[in-house]
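Undergrad: From TrEMBL, for reference:
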BINDING   GLU70, ILE92, ASP216  Mg(2+) 1 binding site
BINDING   ASP90, ASP93  Mg(2+) 2 binding site
COMPBIAS  269-282  compositional bias 'Basic and acidic residues'
REGION    269-289  region 'Disordered'
Amino acid sequence: MADPWESTMDHAVAIARKAGEVVRDALRGDRMVTTKSSAVDLVTQTDQKVEQLIIQSVKEKFPTHRFIGEESVAAGESCILSDSPTWIIDPIDGTTNFVHTHLTVTSTLDLQVEFGVVYSCIEDKMFTARRGRGAFCNGEPLQVSQQKAVEQAIVATEFGSDRDPEVVDKIFQSLRNVLCLPVHGVRGAGSAAMNMCLVASGCVEAYYEIGVHVWDVAAASLIVSEAGGVLMDVEGGEVDLMSRRIIAANSKTVAERLVKTIVAFSPPRDDAAPSDRCEDSTHLSARKV
Ligand SMILES: O=P([O-])([O-])O[C@@H]1[C@@H](O)[C@H](O)[C@@H](O)[C@H](O)[C@@H]1O
Ligand SMILES: [Mg+2]
Ligand SMILES: [Mg+2]
């Protein structure tokens, strides 16, 4: 049966590839860095340029579609899912890597519940998933790891950009608990989306993080699910993409072991009123890197 969203997803893949070209070009030049919710929550002109490139390109083809973009929300736009087709965009997932010319940088585009696209532009890896039709990397099918013993697993996580000592303590308590399960290792790509694509690819057994945003994980969530993986809230139960908490695992068994291990807390939700969000976009002085 013909897929009504096929041409839309093709456009998403094309614009993700174009975004990757812009990011690769920017890596060869100077990057002006400013900050958002903390001194280590970085953003560059390239993040903003790529987000506008994506949004303008989609608006021209699909004028009724809505958007949740990381940098648009940072500038004060709402972060509310509507009944209209809504694109959830992270123009650069891994901005800190981008600023430090580190390797893993992705751009993510998700059209809520229909398809997800994550493009890792340095590696030229295009991760895609269409609801009910599988997950792929450069056209090759993806399948999560079959390892169900967490003691034989590699787990990915990130430390986020909140440096409140009480939050950092909870993050480290979880990390210590996970390491002492024990697990074979803990890894972090510097990009939530890339960590989740590693789960979908069977490279690591699970990823968890408290403090991510909906734009970090929306596209890759569908890629994990379509690769046979499981999404769960850190306290168990269904994941809520606006809650800023997620476990993406190869199996329910591994996900449930992590639920028992992680020290849970609840950051301000992405769909909270702007005044209740911790991201108050305090743009400190720009610096060139
Ligand atoms: O800001 P960004 O590079 O798009 O996204 C990043 C996420 O991919 C990562 O998981 C998180 O720990 C960082 O704090 C940051 O949010
Ligand atoms: Mg991100
Ligand atoms: Mg980003």
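Residue numbers in this text run from 1 along the chain shown.
Note that Cβ sites are derived from N, Cα and C of the backbone, with glycine treated the same way.
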Undergrad: Ligand 2: which of the binding-site residues ASP90, ILE92, ASP93, ASP216 have a Cβ closer than 6 angstroms to it?
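TA: ASP90, ASP93, ASP216, in sequence order.
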Undergrad: Using the centroid of the Cβ atoms of GLU70, ILE92, ASP216 as reference, list every other same-chain residue with Cβ within 8 Å of it (recorded Mg(2+) 1 site), in sequence order.
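TA: Near the Mg(2+) 1 site, the remaining chain residues are ASP47, GLU71, ILE89, ASP90, PRO91, ASP93, GLY94, THR95, THR108, ALA193, HIS213, TRP215.
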Undergrad: Give me the CA-CA distance between ASP216 (Mg(2+) 1 binding site) and ASP90 (Mg(2+) 2 binding site), in Å, as a whole number.
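TA: About 6 Å separates the two Cα atoms.
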Undergrad: Could you say which of the binding-site residues GLU70, ASP90, ASP216 has its Cβ with the most other Cβ atoms inside 10 Å?
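TA: Per the Cβ count within 10 Å, the most buried is ASP90.
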Undergrad: Cα-Cα, whole number of Å: ASP90 (Mg(2+) 2 binding site) versus GLU70 (Mg(2+) 1 binding site)?
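TA: Roughly 6 Å, rounded to the nearest whole number.
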Undergrad: Other than its own, how many Cβ atoms are within 10 Å of the Cβ belonging to ILE92 (Mg(2+) 1 binding site)?
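TA: Step by step: centre on the Cβ of ILE92 (Mg(2+) 1 binding site), count other Cβ atoms within 10 Å, giving 31.
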Undergrad: Which residues of the same chain, at least 6 positions away in sequence, have a Cβ lying under 8 Å from the Cβ of ASP93 (Mg(2+) 2 binding site)?
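TA: Listed in sequence order, they are VAL105, THR106, SER107, THR108, VAL118, SER191, ALA192, ALA193, MET194, TRP215, ASP216.
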